[in-house]
Structures are given as C-alpha cells and as structure tokens.
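J.: The structure that follows is given in the form of structure tokens.
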Amino acid sequence: MAFIEVAVPVPLRQTFTYFSDRTLVPGLRVLVPFGNRELIGVVIKDAPRPASPEKIKPIKKIYDEQPVLDGLLLSLCHWLSQYYHHPVGEVAHTMLPVLLRKGESAQPQPMQFYKVANSVDVETLHTLKRAKKQYALIMALQESPLELSLLREQYSASIINAVKEKGLIETFEKPASIEDKSWLGKLKIAERPVPDPEQAIAVTAINQQTGKFAPFLLEGVTGSGKTEVYLQAIEPVLQAGKQVLILVPEIGLTPQTVDRFRQRFGIEVGVLHSQLNDSARLRVWQQARDGELGIIIGTRSAIFTPLKYPGMLIVDEEHDESFKQQDGLRYHARDLAVMRAQESQMPLVMGTATPSLETLQNALGKRYGHLQLTRRAGGAQVTRQHILDIKDQPVRFGIAEGMLKIIRQHLEQGNQVLVFINRRGFAPAILCHHCGEVEQCHRCERPFTVHRGHRRLQCHHCGATRPIPSSCSHCHSPDLVTEGVGTEQLEQGLTQLFPNASQVRIDSDSVRGKDKLQQILQDINQQKYQLLIGTQILSKGHHFPHVTLVVVLDCDGALFSADFRAAEKLAQLITQLAGRAGRATKPGEMWLQSHNPAHPLLQDLVQNGYHHFARHALLERKMALLPPFQSQILLRAEAVQAEQAFTFLQQARQYLEDAQLQVMGPMPSLMEKRQGRYRFILVAQAAHRKPLHNVVRLALPAIAAQPLASRVRWALDVDPTDFT
Ligand SMILES: Nc1ncnc2c1ncn2[C@@H]1O[C@H](COP(=O)(O)OP(=O)(O)OP(=O)(O)O)[C@@H](O)[C@H]1O
Ligand SMILES: [Zn+2]
C-alpha cells in the first residue's frame, strides 16, 4: 500500500493524502473522495506515512497510464502555486484542457466524421435548394468531411437530423493514432523575402541560442517585419524536428497570422483559441504532447500546452493585456513563457512595437537579449503623427471640421481611412434635458450606454440591459437626450457626411460570429470599404495596405486616469493604431483630436515616438517607486455592504505590516461598485520580490481565517495590471 499526495481542485492551499494499492507516478489523474463529493485530482508525489493511517481514504480510480502533467509542467504547476499564492489543486486544474478536468481519456479517441453519402446525385441536391441550410451543410461536407463536434457547432441538430434522415450524409470513423513527427516529412519552406540587415541580425542572434534558455525582446516598429523574423527564426528549429509554440493576443482578430505560418512551412498548424470547442482543444493538446504538430499557435492558456520536442517559444504583441488572466489563477502568460523557456532550455522571442515597461526594463537591464527593428519592411514609410487642437472648434458627430477636411482629402485620393473611437454603442449616456438626471445602472452606479440598434440601454460593466425609456425616471419629462458619441452614432454621422464612401463598423457588437471579422478584414483589403470605423479591435496587428489615414477621436479621458499604467496603455494604443496606416507603398498619417494638445504625453509620442516615450516613462516609474521597479501584490475585496469589504482589508493590512513593505489602502477600486457590490483594494509593494512574497505567504492563513473572509469575496492578485 502507498500513501499519495493529491492536488484536489478546492480553494485550499494544501494537498491531501490518500492511499492506493500501488505507487503512482506524479502527474496522473485520480478520483478521490472529498467531503461528501468525489473530485478529480492530480498525483503530486508519495506522501509520508500519516500519523493516523486508518483515517486515510482510498483513491477510487486512476484515469491515466501516462501523466497528464509531465515533469516540466508539474514543476511549473508548483511554481505557479507558490508565486501566485494559489491553491495547487486549482492550478493543476487550470493547466488542463476542460475535458481532462472532467475525466475524459487523455489518449486520442477515434473521431466521428460526417461526409456526403456516396449515393447522392445532382438531382437530389437540386431538390434541396429551397432548404437553404441543409443545402449549405451538404455543400460544406462535399468540400471536406467534418468532425462531429465541429459540424454541431455550425449547424443545429434539426438540420443535421433532417439530412441524415434523408440519407444524404453518413458517418465514418478516423482511427485514433497519432503520428509522431509526421509533419517533418511535409515540411517545405515557401519562397520568402530576403531579410533586411536588422532582420538578419535578429534571426542570427536568436538562432545562435538554439537549445539554450535565451529570452529576447524583439522591439520592432509597426510593420517592420517582426512576423518575418519569427518565420525565419523558427525555420532551423522545425528542420531539426523541434516544436514551436506561439502565443498571440486573440486569434479571431488576426487570422492572417495563422495563415502565414501555414503557408510558409506547408504543414498543419495547431490552433488553440477561446472559441474552439472542448474536444478540438483536447485534440490539439494531444497532438502537441505526442509530437504530431510542429507549430502550435494559441492565446493565453496555450502556454500550458505540453510539448514533446520543445524548440522555441514566441510571444507576439507581448504588451497585450489579454496575456494576463483576470480571475481565478491570475497568471501572466508572458511571465510563464519565461519560466517554460527556462525549464525546457529554449529561446523565447517576445515581439512588439510597443514593449510593456516590464519587458523593456528587463531588456535594458540586459536580462533579455534586445533586438531592434527600426525601419518598416519593404520600403514603407513611418506614419506621420499630428495633434488637432479642437478647443472651440465646431464638432459634428464627435469630429471637428478641420478633421473632416483631412478625411475628405484622403477619400478623394481613393484611399482608406480608419476612424477610431473607444466607445461602442450609440452614445455613452442618456440624460434628462429638463432635470439633468442621468440614467444609471444601479448595480454599478455608472451611466447606461445607449444602443439604438437594439433599442436598449446597456451597462458596459455588468451587462445589464433594459429598454430605452420614453421619459426621465426622476421627473418623468419626455425630453431625453443622449450625450457623447459611440461607434454606432459615428457610423450614422459619417454616412451623412460622406454618402459616397462605403463604410464598415467594427466593434464587438457588429462582428459577432466566428468568421465575420475575417470576412470583413478580407473585404477591407479588397477595398470594398473606404471608411473603417471601430474600437480597439482595429488596432491589433492587422495589415491594411490601403489605409493612409488614421483618426483618433477621443483620447483625452485616458490622459487623466488614476491608473498609473494608463499612459503606457494609451501610448501603446495610439502607436499601434498609427501602425495600421501607410504599411505599403502609400505614406500614412495619423491625427489625434484633443482638447489638450500641449499635454506632454501626446507631445512626446507624436514628436519622438513610443521608443522615446517608454524610456522616459521608465524614469518616471523609477522616481515614483512603481513597477517594474517595485513588485506589487494586490488584495481585492468586494461585498454588498461597503463596510464589510473595507474592514476585511483593514484587518488584513495588520498582517502585512513589515519594514520592507509599503502597504497602501484600503482604498476604493477605480470602479467602486460593480454588480451591486462595493469594491476595495489593498496594495502591498516592495523593491524586492522575495520579502514581499514571504510576508504575503505568512500572512495569508491569518487573512483567510478572519471571520469576514467568508463573508466578502476576496482574491489575491500578484503583479496586478488592472486596478478597476
Ligand atoms: N525583408 C522583407 N522584405 C520585403 N517585405 C517584407 C520583409 N519583411 C516583411 N515584409 C513584409 O512587410 C509587411 C509587414 O511585415 P510584418 O507583418 O512581418 O510586420 P510586423 O512587424 O509583424 O507588423 P505589426 O507589428 O505592425 O503587425 C508584410 O507584408 C511582410 O510580408
Ligand atoms: Zn451595471
């Protein structure tokens, strides 16, 4: 009999001991009794013989023969649990694909596919033409057979059943086997551009470090050919039969990237993103683990993908906020990438035009190799940036007269214009013209956004919606007016102002659905649209060769934010937006509308660029004793009664008092109330990570044992990036 330590997915910072009739290797999944439930846990190691062995319960079931967390991932799991002060059982769960958390087999299973039945002839198909969806399904299957879960995702059960009953489709099974390194035989390098000198230096520098832990910041201005550097740097890695894992902010937003990798190497690329169904996700996980994929591209959680032959890690747009998980285990995928690269002894390339100050500081401090691309690829010119002072200027739909003129010029030359605004919806507020009352979400105490298209008000903080009222909720006057401009209104306005320019709106309301954005992006590059109106989505890595003008309507709000990262984020956004213009042969320009044209941040950015801004911002952070020169840990608490959340943090504060730490708060979060709960934060920071983490580690049990701990919602956030 053996005693085994198991990590169980419960919010307790410990492992639990069970017995088994045989020894078990770490990383296997087991079913264990826990209270009156049974839970799937992960074997951590052998446990010492407990004091009262008769009280130990048996392991009920062993799911795996091979560990689902290999040695390297298991040590990453321990590191995560330590560093983020998070229960190890929950960490192990987070690291696994959903189906494995639920107990599905980790071994590849035969897959059910559908194809068009052999007996179907043209005439039968003809009779289907009126049943449009059934017809579409048949046409799709005729192109290539589809796996069952994918088919279910795209077509309703009734449609699938209808064609099945008519005998038009039939199933077949694909065997479960996975072919180790089968991609290597198919690998062939498509024609590629000759790298310019800076690109060549970067590629060589990376390749000299093969087989070693070597983190690099690839700081390259927008359109400088960073992706081309990745492509050329991974070439020898793939040729040596090793795998490459690439993290990107959001694949839905940059489908072009995946295509570029596929086309360059002619092999299947494993793709992991949020819209993928659970079985497809598990399949990629298996293929990566068993060496069947050479390239895996995924979003944040793809950092947990097991690799049989780890060769290189790439984090594209490393500054992107989506790499930080904002609930549960609040990990930063970029920081984990550093850990993984170190464990597996491989190079890590973090690329961006707008490095986070954390990564930049590591590069400037020589902890990371620093590669720079200072020129745009293929002879494209740098986007010229300007500020338009709109004080006292007449404004229509949020656009100043002067700006309209500039837009008109670009449109008349047959070019595309991108207009950015940070707000979706019709207007960010609706208020009573008689008494001034603003319609607010009671649960968040913030104004409702007006969505004319849906005829509803929506709270952008909690999602609550209700019909647009016909009279003021306070004085009942029917005279309600909207305040400010959102994408919806801007679109209507621009249609009026430029009736001859075809336009498209791109925000999370207008591009719902999987392939819609991809289609729109294609249409944009085929010049179906002249005016592109949208939110942040438009700032992400897209290649728009015909855009020559980018207009930023309103960035003043961010200039006065209480969040110390607001300036960095704004500078990144503006620079990335500017990077969408002038990427090909035509020169591009960007105009920022502002009531504060002399603001030092805007001036610095426009005159000297992000490169200069970021180095200056680092000096400021240093003087202000802020990250990356200080480490922070944040304790958040929220409760229906503000008092409780506040008091909980105030009591917690006592346990954090230490000469080496600076503790700030409790203070209200930037968003003081959300979904009916009041929210407070407590920030602990220190110049060195170690003492900070030690104090927090010792304090946590006492904090968790406070009576209020069970009455408020609270969480710990290590290296926090979000203070809302
Ligand atoms: N050496 C080169 N010679 C010619 N064209 C190149 C070269 N390198 C890259 N390009 C082309 O330049 C364009 C921009 O390159 P790429 O998309 O790699 O830039 P990027 O730095 O990743 O851009 P961004 O960060 O702005 O998204 C692409 O169309 C690419 O094919
Ligand atoms: Zn709300």
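Yeah, the Cβs are placed from backbone N, Cα and C, and that goes for glycine too.
The Zn(2+) 1 binding site annotation in TrEMBL covers Cys432, Cys435, Cys472, Cys475. Positions annotated as Zn(2+) 2 binding site by TrEMBL: Cys441, Cys444, Cys459, Cys462. For 207-373, the entry in TrEMBL reads domain 'Helicase ATP-binding'. Taken from TrEMBL, the feature domain 'Helicase C-terminal' covers 467-624.
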J.: Which secondary structure state does DSSP assign to Cys432 (Zn(2+) 1 binding site), in the simple three-class scheme?
T.: strand
J.: Please report how many Å separate the Cα atom of Cys475 (Zn(2+) 1 binding site) from that of Cys441 (Zn(2+) 2 binding site), as a whole number.
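T.: So the Cα of Cys441 (Zn(2+) 2 binding site) lies 17 Å away from that of Cys475 (Zn(2+) 1 binding site).
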J.: Consider the binding-site residues Cys441, Cys444, Cys459, Cys462 and say which one has the Cα lying nearest the Cα of Cys432 (Zn(2+) 1 binding site).
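T.: For Cys432 (Zn(2+) 1 binding site), the spatially nearest of the binding-site residues is Cys441.
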J.: Where Cys472 (Zn(2+) 1 binding site) and Cys441 (Zn(2+) 2 binding site) are concerned, what is their Cα separation in Å, rounded?
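T.: Here the two Cα atoms are 14 Å apart.
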J.: Other than Cys441, Cys444, Cys459, Cys462, which residues of the chain come within 8 Å of the Zn(2+) 2 site, judged by Cβ distance to the Cβ centroid of those residues?
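T.: So the additional residues around the site are His442, Arg443, Glu445, Arg446, Phe448, His460, His461, Gly463, Ala464, Arg674, Gln675.
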J.: Could you state the CA-to-CA distance between Cys435 (Zn(2+) 1 binding site) and Cys441 (Zn(2+) 2 binding site) to the nearest Å?
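T.: About 18 Å separate the Cα atoms of these two residues.
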J.: So, three-state DSSP: helix, strand or coil for Cys462 (Zn(2+) 2 binding site)?
T.: coil
J.: Other residues near the Zn(2+) 1 site, CB within 8 A of the CB centroid of Cys432, Cys435, Cys472, Cys475?
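T.: Counting only non-site residues, the set is His433, His434, Gly436, Glu437, Ser471, Ser473, His474, His476, Ser477, Asp479.
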J.: When DSSP states are folded down to helix, strand and coil, where does Cys475 (Zn(2+) 1 binding site) land?
T.: coil
J.: Where's the emptiest Cβ shell within 10 Å among the binding-site residues Cys432, Cys444, Cys462?
T.: Cys462
J.: In sequence order, which same-chain residues at least six apart have a C-beta under 8 angstroms from Cys459 (Zn(2+) 2 binding site)?
T.: Cys441, Arg443, Cys444, Arg446, Phe448, Thr449, Thr465
J.: Quick one: of the binding-site residues Cys432, Cys472, Cys475, flag those whose CB is under 6 Å from ligand 2, and say none if nothing qualifies.
T.: none
J.: Among the binding-site residues Cys435, Cys441, Cys472, Cys475, which residue has the largest number of other Cβ atoms within 10 Å of its own Cβ?
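T.: Ranked by Cβ atoms within 10 Å, first place goes to Cys441.
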J.: If you run the three-state DSSP split on Cys441 (Zn(2+) 2 binding site), which class comes out?
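T.: The three-state answer is strand.
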J.: So what pLDDT does the domain 'Helicase C-terminal' (467-624) average out to?
T.: 87
